[in-house]
Amino acid sequence: MAKKRSGKNSRLQSENEALEKLKEEVQQFDYEKLTSLEKFEDLPLSAPTQKGLHSAHFTKMTDIQKEAILPALQNIDILGAARTGSGKTLAFLIPVLEKLWYEKWTQHDGLGAIVITPTRELASQIFGVLKKIGKFHAFSAGLLIGGHDVKMERDRVSRLNILICTPGRLLQHMDESPGFDATNLQTLVLDEADRILDMGFKRTLDAIIDNLPPSRQSLLFSATQTKSVNDLARLSLVSPKYISVDEEQASTPQSLEQYVTIVKLGDKLDTLWSFLRSHTKNKILVFMSSSKQVRFVYEGFRRLQPGIPLLHLHGRQKQTARSEITDKFSRSRASCLFSTDVVARGIDFPEVDWVIQIDCPEDSATYIHRVGRSARAGKKGRALLFLTSSEEGFIENLTARKIPIQTLTVREAKKSSIQPDLQAQCFQDPELKYTAQKAFISYVRSIYLQKDKNVFDVEALDLEGFAKSLGLASAPNVKIKGVPATNNKNKPRALMEHAEKPDRVRTKYDRMFQRQNQNVLSEHYQKLAGVNDESEEDFMSIKRQGHEIDEEKVPQLADNTPASKRAQKKALSKKQTVASKPGPTKLVFDEEGNAHPIYELEDEEDFKKAGDAEAQRQNFVEGESKDMEVRDLDDKGVAKEKRLEKKRRRKELERLAKEGFDSSDDDETEFQVRLPSESEAEDEEPRKKSRRTEEPIEIDEPETLEDLEALSAKLLRAN
Ligand SMILES: Nc1ncnc2c1ncn2[C@@H]1O[C@H](COP(=O)(O)OP(=O)(O)OP(=O)(O)O)[C@@H](O)[C@H]1O
């Protein structure tokens, strides 16, 4: 026994000595030697990390790994900038593991490191890499992202040493999970740091930082790294080391060929279609500015069968669907994925041949990240950007960042038009038409919200041409209210006088449109009920850097063109019902008979006096919840009345049946109406006829006046 103990002690002693030696080697590392190092095994790393790297087949270091790992091991705060696909993930994961190893961290020591990324997809991917290279360590690690079972996460969160998470979910655990404790945190990593530090995540990140010990080390990585003093102050970085491996060059990979083509807004889909038809053997990623556009283009193109498998991805899908689609696209050799910016950053799809941006990205950073999904890890790739002529100024933004881009002209002869096909599809399928209308509106809205007004000009949009390209007969009646109407028929019937004060208008719109727009409310209630799997990353395409836009405060453009006449009628009656309810909603009717509230801008001073914007929003939502409850009761009353009416009708029919009348054709609402297929339709008519002839109404010969009256009553009912 004593022998066994002394054996264990001597093993521990030699492990301690090895660890001290390793630490010393790291601290005294001679940076002169750095350029001559090529492989991970040349670095003073722990045996489990070396083993993990070896088993994952990582042998040679990339430049950013060479430059960043050692300083990070020396406990220095790092701002790491390197091109997309250059291996930044290992540049921060290796120090995370090593730091805990140095501290002899055990599973019982609690939370030691947090990695925050802007999207669930990226968090899952990083978690996958950590599992590979960390598998010979004894640390526990967990993935905390929206769309997963939060209760299950809560049970485990106190036992995890390393967390990979999105900001919203992390804050949720900080607030709600009793076992969450970050007091011993050693390392905080922000991957895609500039994105996490921008306004979209500002409040969340500030709240997270408040819960972390200032003594931690911080590692910030991105292809478009922030150097803003304000950002760095927020994180209380201590003399951070800025590491940029290619400062003098573009942040896009050298192996990436980049092209731009100028297209009319109304020709974008034809051009995309023609491109896909001629690249059916390629793996293509197509970015669009909103989930509604993604849905429409996917649905429309799918019906027309371009000859390449199609996939679509956006933040409004369920997490399981999102994961399945990213997996499918990763594994495929030739396919086309339509996506919003949910996968614009960090996602490592293998061997994407083309990245197409059919909508101009909001800024050059977004451009860099989107095109960076191709030409990763030294592989070749190509990127094509569609710009309308009014957006040509964007090319200057790219050249200012030394991004080499060539102009490409699409050969007209090679282009085919799918407008008539999309029109036919929309005509046949009201749902597709509705999706097209939504896509139209969300595109106009996205242009209106863009910050860079030198590039994005909503007034320059050819809306009629755009609507036609989506298969719509004419442009939906899009309204951005409170703004003088433009006389040009080609331009939006939108009104934009307060465009120079977007934030104030937005806040006001939020309240106005939410009050009016049942869709927005239903989204909100779906969200509360957990039906809509929306997340912070859903807003990625809309949140603009430097804008303090809370997506829920963005104006909803009213779509006043229901899909069909029937739908128009329904919408009108719905609006009239809403109008008849007590409450402040005042309505006017446009020339098409659609009801609209009268909007007026609230005075900014009044708005400020009413208190904090967030509190006002909360009050509004609560008010609407109550209002909905009242309406719900009304609806239940109406439904009950309908049920009673149905019951009465059924009884009447039963009575008639007892009297010998076949009344099955009388009441469509009583039976399910099913349209017969062509072959069924052929024999449906004779069957009906024969039923009528085979089952004649029996008429007794009238003998008295009473008999005669009874007979005429019977005949009247039978007809
Ligand atoms: N040392 C290495 N040896 C071989 N392959 C590597 C090495 N490091 C990273 N890679 C591979 O390079 C690809 C890109 O790596 P990674 O995703 O870390 O890039 P990134 O710089 O974070 O990109 P982005 O800026 O787009 O987030 C991955 O497929 C990864 O497996």
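Including glycine, each Cβ sits where the backbone N, Cα and C put it.
TrEMBL annotations: computationally assigned, not manually curated.
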Self-check item: TrEMBL annotation (coiled coil) - matching range among 5-32, 481-508
Solution: 5-32
Quiz prompt | Given ranges 38-66, 357-385, 560-588, the stretch to which TrEMBL attaches the annotation motif 'Q motif' | solution = 38-66
Exercise. May I have the DSSP-based helix, strand and coil counts for the residues of the domain 'Helicase C-terminal' (268-416)?
Key: 61 helix, 27 strand, 61 coil
Quiz item: What is the number of residues in the compositional bias 'Basic and acidic residues' (606-615) that are helix, strand and coil, as DSSP sees it?
Solution: 7 helix, 0 strand, 3 coil
